[in-house]
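Pulled from TrEMBL:
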- B:12-32: transmembrane segment (TRANSMEM)
- B:64-83: transmembrane segment (TRANSMEM)
- B:95-113: transmembrane segment (TRANSMEM)
- B:140-158: transmembrane segment (TRANSMEM)
- B:184-211: transmembrane segment (TRANSMEM)
- B:223-244: transmembrane segment (TRANSMEM)
- B:256-282: transmembrane segment (TRANSMEM)
Amino acid sequence: MMPVLSVSGLTASYRKNKVLNDVRFDVQPGTLTSIVGPNGAGKSTLLKVMLDLHPRLSGSVRFFGKDYSKAKSRIGYVPQRGSVDWDFPTNALDVVMMGLYGKIGWLKRPKRMHRDLAMGALEEMGMAAFADRQISQLSGGQQQRVFLARALVQDADLYFLDEPLAGVDAATERAIMDTLKVLKNKGRTVMVVHHDLQTVEDYFDQVLMLSRSVVAHGATAETFTRENIFRTYGGTLRWMGEKLG
Amino acid sequence: MSLALSHNAQWVLFSTLILGVAAGVMGCFAYWKRQSLMSDALSHAALPGVIIGFMIAGSKNLPLMIGGAAASALLGALLIGWIRSSSRVKEDAAMGMILSVFFGLGIMLLTFVNRMGGGSQSGLDSFIFGQAASMVRKDVFTMSGLALLVVLISIIAFKEWKLYLFDPQFAKGLGLSSRWMSSIYMTVLVLVIVIGIQAVGVILMAALLIIPAVSSRYWTNSFLWMVVLSGLFGGMSGMAGTLISTFGKGWPTGPFIVIAASTIFIVSLAFGASKGLLVLLLQRYAQKKSLDRPMSTQRVLERGEAG
């Protein structure tokens, strides 16, 4: 099968520091992959470089066999919650509607149909009751769900999520993971930057272990081993003793 | 001042109204792009361009002076961007530097022009504090036309502006080029500034961009209404300031516009329906009152669950 995402020789830096070095991997359709690695491993940078939000020094990224600019409409991106100012005067429904702006068409006004689509996505995330709520008045978990709803209305084939489970409540974590599994079962591909190693095995069928370059990549059961975790984190992890020791 | 304004004064009043609306709207965009202070740097940076435009034309030629103002404001913006990206100097320090260097350069050129003779009668001084009364019919038309253009650009692409200001990265993912949006934003911002400097002056132009936007934030939680209100407040300030300045001969317009805008701000701060001090005070009072009443355990539990 043709991979939905094919990355090779990807290198990028922040100022003078090389953050990504010769990153290469392929992702098969219908998989749910977690990207794990220590702080500064380049997880978020990897997403940003792939999505042309951060310059790359070298390497190639192909989506569905095409360049990003030609595959844009099939890709959904959920940035870190902290990347926007939640004090912006707008409500939850309005934010979700933004996911439809490409479909509505530039300079055109949204129609009833688009409103219903956005409402449906909010409902899917259990947020229908908060549609009219100011986004500044939502809890962190609720904001994250609004962001995911915005990605859902894009109806993309490939999703990237940057730390969607960071600092959210248990109910939100469940709602998000359920949604991601539904997407996967529909044949969509999902990649998630993830920080909680305890849940990797429960939540994801694939794991990409990153430390500036790819340490290991494959099915979670075979790849997420003690040895690979040591190689990725350099043995700095405190909890490893109790879990795998 | 007579209540029946002369024909010319009516046109001037109309043009400062439109200018105020355009500045209010653009000020909202600058506010959410966290570039309120940038507008101040840009308007100060416009001064040398105005004087150079005058020197080239040899007389007061508004299109040439507006062009010069735009060129030097954009040069200032480029320099700020360049200093920030190529050195360790932070943006606020870069803006402070460019603002004062360009303004100093402008004042220096102005002194030369005034010394050359004939310059002092040129009315160039009015570009510092603004003199709406110095505008002739042609200036009024140029200014109003451009201000209307700015308002039009904001209305047509309102949805796109909102997306770009809230989440530029996501906008890019949807295919809304951030390079294009940034260029259009900078162009429109500079346009508002340069058409405003004759009436409001380079020193105070930024106030007409910043204060209405900040005031409107106290009244609403909707971006659309914030922009509409900000335009309204800007228009009101522009008109009020111009009217007051007609009371005395040679009174500058800029300061009165700023005073009018600040008055609206103070009223908004106190009585604003969304975040005004009075509303906050009433809310706190109501909360305190409900706490003073003893609550049954059952109700406490219910509250805890609802919260």
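Glycine too: its Cβ is placed from the backbone N, Cα and C atoms.
Automatic, uncurated: that is what TrEMBL annotation is.
Worth saying up front: this structure is predicted, and the values here are computed from it rather than measured.
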Seg_contact(the transmembrane segment (B:12-32), the transmembrane segment (B:95-113)) with at least 3 CB pairs under 8 angstroms, min sep 6: no
Same-chain residues at least 6 beyond the ends of the transmembrane segment (B:140-158) whose Cβ lies under 8 Å from its Cβ atoms: 11-12, 14-15, 18-19, 21-22, 25-26, 29, 62-63, 66, 184, 188, 191-192, 195, 198-199, 224, 227, 231
Residues from the same chain, set at least six apart from the ends of the transmembrane segment (B:184-211), whose C-beta lies under 8 A from its own: 12, 15-16, 19-20, 22-24, 26-27, 29-31, 33, 35-40, 42-44, 46-47, 50, 62, 66, 69-70, 73-74, 77, 103, 106, 126-132, 134-135, 139, 142-143, 146-147, 149-150, 153-154, 164, 233-234, 237-238, 241-242, 252-255, 257-258, 261-262, 264-265
